[in-house]
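Reviewing the structure listed below.
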Amino acid sequence: MVFRTGSGVAGRGPELRLYDTSDRQVRPVSAAVAPTCKATMYVCGITPYDATHLGHAATYLAFDLIHRLWLDLGHEVHYVQNVTDVDDPLFERADRNGVDWRDLAEREVALFRDDMASLRILPPHDYVAATETIVEIVELVDKMLVSGAAYVIDDEYPDIYFRADATLQFGYESGYDRDTMLRLYEQSGGDPRRPGKNGELDALLWRAARPGEPSWSSPFGPGRPGWHVECAAIALSRIGIGLDIQGGGSDLIFPHHEFTAAHAECVRGERRFARHYVHAGMIGWDEHKMSKSRGNLVLVSTLRAQGAPPSAIRLGLLAGHYRADRFWSSQLLDDAIARLHRWRTAASMPAGPDVADVIARVRGYLADDLDTPKAIAALDGWVTDALEYGGHDAAAPKLLATAIDALLGVDL
């Protein structure tokens, strides 16, 4: 194999298997069927009104592992990530701070990308902002109006809504019952009881212009796009239907990812927007999920400013399984710093035990639904042997460091 993300080592890992949210089981990722083909992935990016917290970092770290494993398998990877720079939280924060929303978005996007680079998260092939995709969004909304999948509400502000029943398969990605959908829909800013809507779950596609709000021209009047259609338009215009993975945090399963898929499927007439739906668990702090609205954030930039090594932050997040909801703590960071020190000490030794078996096991664990706890445990075992007993393979320490860099993204 050759580690495509680093310098060369021989060998090749097993095909990637991931938990699919819509199927509720771990199964092979479709790109593995043809190793020479291009693997495609669309992951929802940030709404740039505040700094990157560890919940963001954990999500993008999970998809970074997928990116790295695909490269290790020999795939070319087309990875697209959006920036939701048209959204109420951004406008509200900019108004509160007395700054232009575009300046706030630009500043926070720059900080986000700097944080991601510090954590050695490979950048997407395309970063695409919603404001860069207005033409494509308008085309998508227009197609849904023409087909009858969308309608204009009779109101002072003629907003456009998507019919949740426009596709027969609506609901397959989340698998949630209607009561759960309604609860999550309202929690995420939906308006199930708005007068004039055909259905409670119908989702906003185009918000007609209001005084003091940004707006763009369209054949159906000035306004701005709804949340879900932004991602559908970006994914379809950059990748197309049938992408290998649609991903993001588990808090996006419904309504965001369900509606993004439904919009795309409705326009393209396809049964599935993506072949695999992958979602990362939430990171908590102070007994609650980390979120901007709650304010219980541990910021990547703050940890870095306090002197935490970015590789240790990464290792701390990798210590838990990507799908698990879990809590961050100062003890977790301390443990990661200690582990990083041990790994670096072992990697700097003049010789060590043979690494072929441990590299094969690490690849196998990662290929099995990104089982980073088992991969780390295997590496800890090699490091313990190296530090306690040494070894006779002069190439082993450097070879293992290269593997850790390429597969886990941890720089030794």
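Glycine is treated like the rest: Cβ placed from N, Cα and C.
L-cysteinyl-5'-AMP is bound by CYS44, GLY45, ILE46, THR47, ASN82, VAL83, THR84, TRP227, GLY249, SER250, ASP251, ILE283 in Swiss-Prot, and the record lists one more residue there from THR59, THR260, which is THR59.
Swiss-Prot tags one of the stretches 4-8, 194-198, 289-293 as motif ''KMSKS' region', and that stretch is 289-293. Close to the recorded Zn(2+) site, the chain also has ASN82, THR84, TRP227, HIS228, GLU230, GLY248, LEU252, HIS257, THR260: residues not among CYS44, CYS231, HIS256 whose Cβ is within 8 Å of the site's Cβ mean position. Each residue contributes its Cα atom, and for SER250 (L-cysteinyl-5'-AMP binding site) and HIS256 (Zn(2+) binding site) those atoms are 10 Å apart. The residues of the motif ''ERGGDP' region' (187-192), classed with DSSP into helix (H, G, I), strand (E, B) and coil, number 1 helix, 0 strand, 5 coil.
Less than 8 angstroms from the CB of TRP227 (L-cysteinyl-5'-AMP binding site) sit THR84, ASP87, GLY189, LEU204, HIS256, each of them six or more residues away in the same chain. With respect to their backbone Cα atoms, THR59 (L-cysteinyl-5'-AMP binding site) and CYS44 (Zn(2+) binding site) stand 10 Å from each other. A strand conformation is recorded for VAL83 (L-cysteinyl-5'-AMP binding site) in the three-state DSSP classification. Remark: ILE283 (L-cysteinyl-5'-AMP binding site) has HIS53, LEU54, GLY55, ALA58, LYS289, MET290, LEU317, ASP325, ARG326, PHE327, TRP328 as non-local neighbours, by Cβ distance under 8 Å and separation of at least 6 in sequence.
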